[in-house]
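Structure record follows, encoded as structure tokens.
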Amino acid sequence: MLSVGATTTATRLTGWGRTAPSVANVLRTPDAEMIVKAVARVAESGGGRGAIARGLGRSYGDNAQNGGGLVIDMTPLNTIHSIDADTKLVDIDAGVNLDQLMKAALPFGLWVPVLPGTRQVTVGGAIACDIHGKNHHSAGSFGNHVRSMDLLTADGEIRHLTPTGEDAELFWATVGGNGLTGIIMRATIEMTPTSTAYFIADGDVTASLDETIALHSDGSEARYTYSSAWFDAISAPPKLGRAAVSRGRLATVEQLPAKLRSEPLKFDAPQLLTLPDVFPNGLANKYTFGPIGELWYRKSGTYRGKVQNLTQFYHPLDMFGEWNRAYGPAGFLQYQFVIPTEAVDEFKKIIGVIQASGHYSFLNVFKLFGPRNQAPLSFPIPGWNICVDFPIKDGLGKFVSELDRRVLEFGGRLYTAKDSRTTAETFHAMYPRVDEWISVRRKVDPLRVFASDMARRLELL
């Protein structure tokens, strides 16, 4: 492995799913100049196994791993340089995480414009994966809200990029580019104004997959800023696809109960506990998932105008630190795909295949995506987005390869932030602009200074 100084450590790394481990030399420093020098050493060596930036490791796949090479932990580079309530702009280092940003920005009446399923994500990672959230139909993905970024490229230069400037092509290749165009050092994000830290939520339950699809197709989505659903992927038809749908918008002060109005912008997102690493493999199965799913569905119910805090409405899993340990040391595979809106019958077939497979998932997300952005490798396209978590067991690899084939056949795609096993051939077929992206990448990094396990697997170098 390439040595870049005393602060590096050989470390076994995985994604959040705890699969596909590899060992890399990890550099962890708050010194931006040291990061620049480390990249220069990789370049001077001719690239070798290369370098890749890593944030909090919440990607489920291998995009922030670099076996035999250098991984640069960006979390110490975490200064919030400025917050401007008038322009709604924040100037922040790439290692700032969304939890930290939310706490700092709320007193200014500003909200993070796009939140994924956890706040434990760095800004650099949010850009590199072009994360999306419950408001994709109304706000798009994270890259839509980046007004500029400073990118350390393979030649040692730090380039200031904007979405419409001279280097716009490189800007959009970096959004969703999984860190392979360079290292995002700093960014300016346009935030969302808010008068409270709470949501006004409406809940609905559906009895079948057809009802779930109908609810998302009747035009009511446009009334809500945020929308997502848990759905049942275990029960046989007609219960298959039944859902607990949660939709809402940020609350105004007038909508809050009296006890909350004195501190409407108070950050209210409690964590209950951190799970110990004691759970055996196999505990997550049909017999545990089935009753939990039934309970979750029954307790959800129909409601209107409920005031909820950030954890209740958006991040229930953040109440449990290290919740991925519940799947045991073998881990789990999070499979996320999107199918074009018009291919609804094909989408329903895939859900049926998942239910009949013998591979069971409880933590299931259903979301109808809105318009896509300009980034060649950005995941969201208008369509039916599904995310399921499969415990690792025999036969899973063969099954998800068959799912890949169906998703591709129906015009869909997988999300790089959730994948550590699909093939280069499949990925390239799913992303028709991948050659355009590779061309941009090679212009700024002809020596392949920036590399990762994912990049080698998907032939992106």
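Each residue, glycine too, has its Cβ placed from N, Cα and C.
Positions annotated as FAD binding site by Swiss-Prot, on the basis of experimental evidence: 53-63, G117, 122-125, 129-132, I184, Y415. The annotation domain 'FAD-binding PCMH-type' is assigned in Swiss-Prot to 19-194 on the grounds of sequence analysis.
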Ten-angstrom check, please: count other Cβ atoms within 10 Å of the Cβ of T122 (FAD binding site), all chains counted.
29
I want to verify one value. Collapsing DSSP to three states, which class is G125 (FAD binding site)?
helix
Using a 10 angstroms cut-off on Cβ to Cβ distances, just flag whichever of A53, L56, I131 is the loneliest among these binding-site residues.
L56
What is the Cβ neighbour count of S59 (FAD binding site) at a 10 Å cut-off, with all protein chains included?
28
For Y415 (FAD binding site), list the number of other Cβ atoms lying within 10 Å of its Cβ atom.
24
